[in-house]
Amino acid sequence: MNPLRKKRLVIILAILVGVGAAVGLALSALQQNINLFYTPTQIANGEAPKDTRIRAGGMVEKGSLVRSGDSLDAKFNVTDFNKTVTITYRGILPDLFREGQGIVALGKLNADDVVVADEVLAKHDEKYMPPEVAKALKDSGQSAPAPGKEG
């Protein structure tokens, strides 16, 4: 092999190794940032991974919200009208958070099948429903409750 050909081969191999490393790092970063959505039924059936960041969503069950008197801790149940999952959250709940409305919680599922959320997203108006929640409710054979007037 002449020196010119050898030099080209080394350059091509170096480029391939560099591209491979870049793709590997990108895939690794994306895999760590992907938060899959799970319904309360999927969580109750054991389909959601434990100790991995997930998104859980559904309708907040009426009468299930319990706030701590001396801290920002909140505990509530979310349902897809088939099964229910408990969510705990430490922080200020969004202004639009209400019982009977759709939410998506981001957090980790613990060993007791309780989602320990570090972020709670509430719908932003009476007509909006997070797409994942709307699909989960449709799949369960239910529809979202009609928006009522609150005053």
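Each residue's number is its place along the chain shown, starting with 1.
Every residue gets a Cβ built from N, Cα and C, even glycine.
Feature annotation from Swiss-Prot assigns topological domain 'Cytoplasmic' to 1-8.
Under the heading transmembrane segment, Swiss-Prot lists 9-29, citing sequence analysis as support.
Annotation comment: Swiss-Prot describes 30-151 as topological domain 'Periplasmic'.
Here Swiss-Prot flags His124, Tyr128 as heme binding site, drawing on sequence analysis.
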Go ahead and report the DSSP secondary structure tallies for the topological domain 'Cytoplasmic' (1-8): helix first, then strand, then coil. 6 helix, 0 strand, 2 coil
With DSSP as the reference, give the number of residues of the topological domain 'Periplasmic' (30-151) in helix, strand and coil. 18 helix, 43 strand, 61 coil
